[in-house]
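Colleague: Reproduced below are the annotations present in TrEMBL:
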- A:12-35: transmembrane segment (TRANSMEM)
- A:41-62: transmembrane segment (TRANSMEM)
- A:95-119: transmembrane segment (TRANSMEM)
- A:144-170: transmembrane segment (TRANSMEM)
- A:182-200: transmembrane segment (TRANSMEM)
- A:212-235: transmembrane segment (TRANSMEM)
Amino acid sequence: MLKLMKYEFRKTAFSKLILLCITMVVEIVYLLGVFLKKDNLLFIGIMLLTLCATAGILYIGLESINVLQRDLNTKQSYMLFLTPRSSYQILGAKILENGISILLTGVFFAVLAVIDIAVGNYKELWDMLYRFLDMNMNISIDPWMIAFNFFSALAGWITCIVSADLAVILSASVLAGKKASGIIAFIIFIILTTILGMGMDMLPELNSIELTFALDIAVSFLAAAIFYLISGWIMDKKLSV
Amino acid sequence: MEYNPTLPIYLQTANAIKRDIVTGKLPPGAKLPSVRDLAVEYTINPNTVSRVYKELESEGVCFTRRGMGTFVTEDSAKIDMLKKEMAGTLIRDFLEGMEQLGYSRHEAITFLENEK
Amino acid sequence: MVLESREATKTYGRKTAVDHVSLELEAGFVYAMLGPNGSGKTTWMKMAAGLVKPNSGGILYQNQPIGIESKKEIAYMSTEPYFYSWMTVADVGKYYEDFFDDFSMEKYHQLITSMELTEDMRAKKLSSGMMAKLKIAVTMARKAKIYLLDEPLNGIDLLARDEIMRTILASIEPDVTMVISSHLIDELERVADAVLFMKEGHLIRQCMVEELRISQHKSVADLYREIYGHGGEAVC
């Protein structure tokens, strides 16, 4: 399993490296803004860092779907399916590697944000914003809340990718050779995510916010696990490469 | 070596080895290549090589020592006999061919004598 | 009997690539699988390799359906290159070492050296002849029980063909079974114990080649012409 994950990482290592390089350049812009007290640079830095974080996390997910697509539909597929490994292991390695990558990228940008905020020394600004929101909109900013929101968004994104994986696998196996298999797979993906979204909305509010988010994340991962098992089963029974 | 694809490969290979034995290229008592080496040398199937060695053994041209390999017989009388046998085959083939062309045995011999 | 195909059938849309193919392969034999392009050789091999799943029927290795266990002992080499584009010759060997317990890095090194490949060559940039050698080297460096070689001589010049054929022969251990597909007969004429003739997804004839030569004074090429040339009946 670790060996499979190693090669999954190798397939996407290049774009991850590029993301890291771009982030470093942008970070330098931000730091120059801080230390030279240039508001323009500072502003551009903040904008671009936010963009790097969101686009990066989105891209890492999308790329994994693309890699799966290639691993099922080109000759490259032999590399995986000749190995004495089960479909569950092959797909599991992909999902785990990608999930861990997304989480680590999330943690990386979160830590970077904390550091940058500390370096920037915005205590005054922060307090002002805090009071403003508290008085006018009755919203209290709790760092934990932000963290929970962030990680539940990451969990939701990972689940979304796993459901897209399921659609890709369907189009390469059960729907293979049929007309409009791509479109049918896309519709299946939309239906899956819609059902999932509706299900998530129906989750009860628990008496503590922490528990509500924990439930949210747990349900996301449970859904991902179910999609994974269905996908693995289809690959095992129906996939020809 | 060139094979005739309509004749059994094992016989053609056995004949090639016999030629090497009677011409002394493979001297009496010499060790023959392993099955795999011979298969690679002649680019033929290893099962065919095993059959070649079995054939040579049954004719008494070679013998196998357990765990050591296959060797050319040390019996020089046997090799002489083999040489004569092979000559006999050539002559029979020749005579048969001449007969098909309509020459008598006597005429065939005259042809041989006049051949330089 | 080491491998058994029982009515194995695979369809792609409306086209039936392999149609109820039943055959039994014995350990220690070299089989030549012959037939024109599109006769079902590749699809049958991919089923035996576990890459393609049959629609009906199936293939058994040691009386067990093809799966993880069979993949440990059956080495398949496809006609097309399939390595990841980032790989070098060394990476290809490392990949096989990572996944196949029967892979010998030592033998791989020996084979790539004798075939004049170097470790730092990029798989993507190899010529078709070099790629064929790399595929053979990495496949034969496995100590498998069955080798399925799909068109190993395709698109390769004569000298390289000899070299590849010798590499294959040198790797045959007792009890190893080999299936080599080709639409070229000459190269396999001397090497095969038995031939399997495929036509339009069917296995239409099989016979032992030495017996063919002994009892009928026919070459495999003769038989091939009889079968595919003018549809004449061939007797085995």
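From the backbone N, Cα and C atoms, a Cβ is placed for every residue, glycine too.
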Colleague: Would the transmembrane segment (A:144-170) count as touching the transmembrane segment (A:212-235), i.e. at least 3 C-beta pairs under 8 angstroms with sequence separation of 6+?
Modeller: yes
Colleague: Quick test of the contact rule: Cβ under 8 Å, at least six residues beyond the ends. What residues does that give for the transmembrane segment (A:144-170)?
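Modeller: Tertiary neighbours of the transmembrane segment (A:144-170) are 57-58, 61-62, 64-65, 68-69, 72, 91, 94-95, 98-99, 102-103, 106, 110, 184-186, 188-189, 192-193, 196, 200, 209-210, 213, 216-217, 220-221, 223-224, 227-228, 230-231, 234-235, 239.
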Colleague: Would you kindly list the residues that approach the transmembrane segment (A:95-119) from elsewhere in its chain, counting only those six or more residues past its ends and only Cβ-Cβ distances under 8 Å?
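Modeller: Contacts of the transmembrane segment (A:95-119) (Cβ under 8 Å, skipping residues fewer than 6 from its ends): 1, 5, 8-9, 12, 16, 19, 23, 27, 30-31, 34, 49, 52-53, 56-57, 60-61, 64, 126, 147, 150-151, 154, 157-158, 161-162, 165, 224, 228.
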